[in-house]
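Step one of this worksheet: look at the structure below.
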Amino acid sequence: MEFTTRTIAARKHIALVAHDHRKQALLAWVEDNKSVLEQHQLYATGTTGNLIQQASGIPVNSMLSGPMGGDQQVGALIAEGKIDMLIFFWDPLNAVPHDPDVKALLRLATVWNIPVATNRSTADFLIDSSLFKSEVEIAIPDYQRYLQDRLK
């Protein structure tokens, strides 16, 4: 696979996702980081996004609820280069009916090389990083070259 670069702007497009048993933890994290997060563009799965917007007043672009396709919508935005970072407080102790969607979401975040936080500690590390406030170049798959090679 060949790679190219993509610029992540200083103003990030951040996806926020949380399983039911982790929503309160994500809401607390958002509240603790409200002054930073409100400077960025937020996206979320349906229930999570609405809860964040109600609790914090920060505008959130909400997708469908995760089990109804919201995880896949966020994944599509990642593949389109429209999401720069994923904060996903997932619940490792409880299975969810849309587990394949969760795996696909994490796979896409990895394929497209965006930062991912899966708990409060990693989310704190990301938001406190000097890179969070800066424009950053990341390596991403060169899809056009990939497609050309596949069509030969």
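All residue numbers here begin at 1 and follow the chain in the order shown.
Using the three backbone atoms N, Cα and C, a Cβ is placed for every residue, glycine included.
Sequence-distant neighbours of ASP71 (active site, proton donor/acceptor) (same chain, 6+ apart, CB under 8 A from its CB) are VAL17, THR45, HIS98, ASP101, VAL102, ALA104, LEU105. The active site, proton donor/acceptor feature in Swiss-Prot is assigned to ASP71.
Taken from Swiss-Prot, the feature substrate binding site applies to HIS19, LYS23, THR45, GLY46, THR47, THR48, SER65, GLY66, HIS98. Contacts of HIS19 (substrate binding site) defined by a Cβ separation under 8 A and a same-chain sequence distance of 6+ are given as GLY66, PHE89, TRP90, ASP91, ASN94, VAL96, in order along the sequence.
Sequence annotations record features per position, and here Swiss-Prot assigns domain 'MGS-like' to 6-152 based on sequence analysis.
Counting every protein chain shown, the Cβ of THR45 (substrate binding site) has 28 other Cβ atoms within 10 Å.
Per DSSP, the domain 'MGS-like' (6-152) is made up of 75 helix, 29 strand, 43 coil.
Around THR47 (substrate binding site), the C-beta neighbours below 8 angstroms that are at least 6 residues distant in the chain are LYS23, SER65, GLY66.
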